[in-house]
Amino acid sequence: MAENLAPIDVDAEQFDEAYGSSNDPAKQRHSGLTRLYTGTGAFDIVGKRKNWYIASGVILAIAILSIIIRGFSFGVDFTGGSKLNMPAGSKNIETSQVEQVFTDTLGFEPSNVSIVGSGSGRMVEIQSRHLDNGQVAQIKMKLGEEFKPEDSSGRSGASAIGDSTVSNTWGTTVTKKALLALVVFLVVVGLYIALRFERDMALASLASLVFCTFTTAGVYSLIGFEVTPATIIGLLTILAFSIYDTVVVFDKVQENAEAALHHKRHTYGEGANLAINQTIMRSINTTIISILPIISLMVVAVWMLGVGTLQDLALIQLVGVITGTYASVFLATPLVVDIKKRFSKDVQEHDKSVIELRTSESTTKTVKAAAD
């Protein structure tokens, strides 16, 4: 039980400053920004957790609806099919022109046409359903006649156009491996947190990771970007970022929980909320530092080089870092508090004793004031 905990060092001043027990008037004059920077309880995140649950629920609902209604634009690596790469160089080639030539030649539209790269390295990428050898030769011949492409080695016409084909079997294999990687990641993370911290924190962290996964996937679905193997790599990367941020907060939650349960002046939720405030500046700074190179990557990928793979990777990392930080701060720890309050007898009894003590002290002060 909480009463039998061994004595530990308690930073009572931090609890007092955060929750108003200090009688020092100077501490009461601290601005919200100062309290945010020093980690002394600027935000009552845990106390207002229902608001965060509602906000998270709305975001999650929009993401899931987008996934169901709009779906994803899967790349050729997942669906199988054929891809053509035609050098564009400095030629003024529009994707609509390429689509029209493709449709007129083969009788059906390509899955996707995009221009990547810049300067002499510009390329037109054409993706379509599976083409047989005759269709590949036919469309390469027509594109060569229409646009007269020339590669860096001096080859021109149809010979300058590269082609590759991914079978449907390969696409299915890639999809299964991607899903397996995601499941293995979630299982390993859950086991690690359960062993390093406790089961309740493992459940909360998995819930926040599921939120991150669906939210990021929903944004991808809304924007309509192509899902490629780079997208899956990016998703696993940002989930790792999210769990790293969550572990840092949980470590402080565990430390503050022991302190709160020992001195019986503050509830478990107040200790957890203080932990968030003590680590929130670190989360903000880490997020900003992480976002800056990602934005730089997007600038290089989209506006300078037009490299589709980098664009996919940068977008999913940008969205994932933001949602990961949100989930670790506003979702994971509040969920731990609710799980503890519902299933932990130690926390229930401790919080009850804290409330009873406060009620008793309040009654005593009221009686004393009336007597005076």
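Cβ from N, Cα, C; glycine included.
Features of the protein shown, as given by TrEMBL:
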type: TRANSMEM; residues: 52-72; note: transmembrane segment
type: DOMAIN; residues: 159-341; note: domain 'Protein export membrane protein SecD/SecF C-terminal'
type: TRANSMEM; residues: 178-195; note: transmembrane segment
type: TRANSMEM; residues: 202-223; note: transmembrane segment
type: TRANSMEM; residues: 229-250; note: transmembrane segment
type: TRANSMEM; residues: 288-308; note: transmembrane segment
type: TRANSMEM; residues: 314-337; note: transmembrane segment
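Most Cβ pairs under 8 A with the transmembrane segment (229-250) among the ranges 52-72, 178-195, 202-223, 314-337 are made by 314-337. Within its own chain, the transmembrane segment (202-223) has Cβ neighbours under 8 Å at 56, 59-60, 62-64, 66-67, 70-72, 182, 186, 189-191, 193-194, 231, 235, 238-239, 242-243, 246-247, 250, 315-316, 319-320, 323-324, 327-328, 331-333, 335-336, 339, counting only residues six or more beyond its boundaries.
Only residues 6 or more beyond the boundaries of the transmembrane segment (178-195), in the same chain, are considered here, and those with a CB under 8 A from a CB of the stretch are 78, 201-203, 205-206, 209-210, 213, 229, 232, 235-236, 239-240, 243, 247, 250.
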